[in-house]
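Note sheet for the following structure.
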Amino acid sequence: MEHNPPFVYRKITGHLTFPLIAVTLLSSFGSSMLYGYNLAVVNSPTVHIKAFYNATWRSRYGEDLSQRSLMLMYSLTVSIFALGGLVGSFPVGILVTIFGRNGTLVRSNLLVLLAGTLMGFSRYMESPEMVIFGRFIIGIHSGICLSVVPMYLGEIAPKNLRGFLGLVPSIFICLGVFSAQVLGLPELLGEDAYWPLILSVVVIPSLVQFTLLNWFPESPRYLLIEKNNVEEATVALRWFLGKYDVQDVIEEMEEEKRSLASVETLSVWQLLRDRSVRWQVLSVVVINMGMQLSGIDAIWFYTNAIFENAGIPDPEIPYTTVGTGAIEVIAGLIGCFTIEKLGRRPLVITGFCFMGICCAGITVSLLLQAAVSWMRYVSVACVIGIIAGFCIGPAGVPFLMTADLFKQSQRPSAYIVGGSLNWLSNFTVGFVFPFLQMSAGAYCYLVFCGICLVVALYVYFIIPETKNKTFMEISHMFASRHSFFSRLPNAVKMVKFNGYGALENSSLEYSGKQRPFAVADFLDRLAVPCGVASLQDDGWGNRGATHPFKFLRSPSSQAVNMCSIMYV
């Protein structure tokens with residue numbers, strides 16, 4: 001039978017305001033841009049950093065590093081950034097609960113100042129360890145911010161702008177990569193004397209964010225749902241939305257808060273054990289690992305080496321690399337301005353499919369370039385295609401989807417799961433790719449091709465569209481699509497509402513022959529608390545007919561819904 005839910009989801013929309021734009025740009029500039037910058041910054045000064053490592057080793061031990069040891073040491077320098085990101089992703093849940101979303105971003109800038117100092121003075125101190133440790137610390141900063149920025153923006157944005165604002169950080173990731181490529185040109189900071197400076201310039205965006213972001217309000221959703229501070233949440237909403245009447249948004253957040261009344265913030269272990277969100281968790285795992293195992297990090301870390309293997313003349317490589325960076329920014333802008341029209345799924349599916357095709361294209365072009373001279377340009381086109389496909393969707397949508405698929409109590413742990421796997425995959429690619437390229441040659445890109453196509457198929461068949469949906473609607477939609485209770489003998493069949501408030505939102509289906517049913521045993525078997533204690537017969541005594549029932553909330557027995565049901 002059809003029922004009307006007690007809470008009618010209103011069309012809660014908003015428009016871009018100066019505070020929304022300012023906080024989005026500022027948080028992305030001091031966090032996401034640094035992530036992109038540090039992904040690509042080690043590409044241009046590769047030769048100079050290796051020479052510094054070798055010279056330092058010679059001065060200490062009187063002999064040069066072997067070629068394999070030098071490659072191992074440099075691979076560690078590249079990939080330890082991702083290892084730091086992995087470490088930084090673990091305490092995200094604790095940090096955002098204690099300091100809030102805004103407060104965590106502001107405090108994390110202290111890590112950048114420390115890392116920039118270490119890397120900037122590493123040559124003066126003749127210490128490769130300072131470079132490696134600085135990369136590790138800056139990785140911790142990116143590991144924190146890569147989860148907190150989309151969480152913060154997702155919670156302050158109206159639902160009709162959540163996709164647009166959520167992809168702004170991905171544009172700044174591309175801008176960070178592009179900035180590193182431009183500064184790495186020989187005419188700027190690409191010479192041997194300046195490589196410590198190009199590594200330490202990260203302190204500038206960090207100082208800007210540290211100075212200004214603290215003046216912006218905390219996430220209203222965090223203030224109301226987690227801190228129970230309605231007044232500050234209202235002030236923050238008025239600031240961000242640019243209107244005095246924010247009661248409709250307050251009511252939407254209050255509804256989510258009521259559904260989580262009996263549930264505290266879930267730990268990672270609790271989230272992984274919660275069967276009601278197993279598809280959401282699996283989806284976060286797939287899209288975050290797929291994002292990094294797609295081969296994009298191999299392209300960013302080793303762009304110059306890839307172009308060198310493709311036969312591009314050495315003097316042309318830096319400028320070719322900068323050209324790819326410009327394509328990244330354009331592709332990111334296309335994704336940002338089309339996501340609210342096309343949705344999340346089309347951008348992710350199209351992006352991964354295009355990347356997979358281009359990875360296969362690189363393999364073909366490298367195999368044929370000895371016989372066909374113009375194949376080197378096909379390699380360049382495929383590299384550009386991989387980057388463009390990534391920046392259109394996979395660069396930012398996975399973080400946006402992580403915010404979309406989970407409710408307030410689950411979101412911090414979901415970001416820990418997604419972020420840790422994202423960084424672990426990043427580390428794996430950065431460390432393994434040079435050796436994979438040596439052993440498999442051109443065929444190494446077929447591994448990335450297969451991963452891209454598998455992720456695209458998973459998103460197509462499993463993940464629903466979340467465009468213009470509230471967090472509660474998305475939770476309900478995902479639950480109804482993938483998760484339901486099996487019917488017990490003499491019991492009702494009940495569709496789970498993501499494990500929380502299933503009865504409260506009247507997600508009931510009844511069918512079959514008329515016979516008495518048992519409810520108590522079924523309620524005892526709920527996977528997680530839902531705030532509902534019992535069903536109460538509303539005065540109808542004729543079994544076998546259609547009856548209205550009250551859903552009662554414990555302990556106050558306040559009726560939260562009325563619904564007609566039929567015994568099965």
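Just so you know, glycine gets a Cβ as well, placed from its N, Cα and C.
No curator has checked TrEMBL annotations; they are predicted automatically.
In TrEMBL, the annotation transmembrane segment applies to 12-35, one of the ranges 12-35, 516-539. For the transmembrane segment (374-401), the most Cβ-contacting stretch among 108-125, 164-182, 346-368 is 346-368 (pairs under 8 Å). As a quick check, the transmembrane segment (71-96) and the transmembrane segment (442-463) miss the bar of 3 or more Cβ pairs under 8 A, pairs 6 or more apart, so the two do not touch. Highest Cβ contact count with the transmembrane segment (164-182) among the listed stretches 12-35, 194-216, 317-339, 413-436 falls to 317-339 (criterion: pairs under 8 Å). With a cut-off of 8 Å between Cβ atoms, the residues of this chain six or more beyond the transmembrane segment (281-302) that come close are 39-40, 42-43, 78, 82, 177, 271-272, 274, 348, 352, 355, 359, 383, 386-387, 390, 394-395, 397-398, 401-402, 405, 414, 417-419, 421-423, 425-426, 428-430, 433-434, 437, 445, 447-448, 451-452, 454-455, 458-459, 462-463. Note: the stretches the transmembrane segment (194-216) and the transmembrane segment (413-436) are not in contact (fewer than 3 CB pairs below 8 A, sequence gap of 6 or more).
Residues 27-28, 31-32, 34-35, 38, 42, 49, 76-78, 80-89, 91-92, 95-96, 101-102, 104-105, 108-109, 111-112, 114-119, 122, 166, 169, 199, 202, 219, 396, 399-400, 402-403, 411-412, 415-416, 418-419, 422-423 of the same chain lie 6+ residues outside the transmembrane segment (131-152) yet bring a C-beta within less than 8 angstroms of a C-beta in it.
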